Amino acid sequence: GRGLLPFVLLALGIXAPWAVEGAENALKGGACPPRKIVQCLRYEKPKCTSDWQCPDKKKCCRDTCAIKCLNPVAITNPVKVKPGKCPVVYGQCMMLNPPNHCKTDSQCLGDLKCCKSMCGKVCLTPVKA
């Protein structure tokens, strides 16, 4: 029935058109802190759309279920590429211009690599090269 449509849209990543990665228009130093990729049951209204709406050094970043002002983390060696290869992605994203949750491997915790996923770039466990 019609009651299933919002769930289907959420599953396809369409329900949050405002979900733009804060780093795209960022001019403040540092990077948004890494976040756990978990399924959100209820998205909160965005608290900001750009870094300049945030006080002091805070950046406008995606959090688990919202976009809000968070303290930046230092970009430790942005050119370092971690070992391993990104897993092969099958399928096509239904969302136009999906947000990237990382840009470089150094923004990912531990051994995780910044890889292309079905919808945007995310931190993933690499496969052996």
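Keep in mind that glycine also has a Cβ here, set from the backbone N, Cα and C atoms.
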Among C60, C61, find the residue that Swiss-Prot gives as the disulfide bond partner of C48. C60
In Swiss-Prot, C86 is paired in a disulfide bond with which of C61, C114, C115? C115
C93: disulphide-linked cysteine among C65, C69, C119, C123 [source: Swiss-Prot]: C119
Answer for the disulfide partner of C123 (Swiss-Prot, candidates C69, C108) is C108
In Å, rounded, how far does the Cα of C108 (disulfide bond) sit from the Cα of C61 (disulfide bond)? 15
Would you list, in sequence order, the disulfide-bonded residues among C54, C61, C69, C102, C123 whose CA lies within 10 Å of the CA of C115 (disulfide bond)? C102, C123
Please identify, among the disulfide-bonded residues C65, C69, C86, the one with the smallest Cα-Cα distance to C93 (disulfide bond). C86
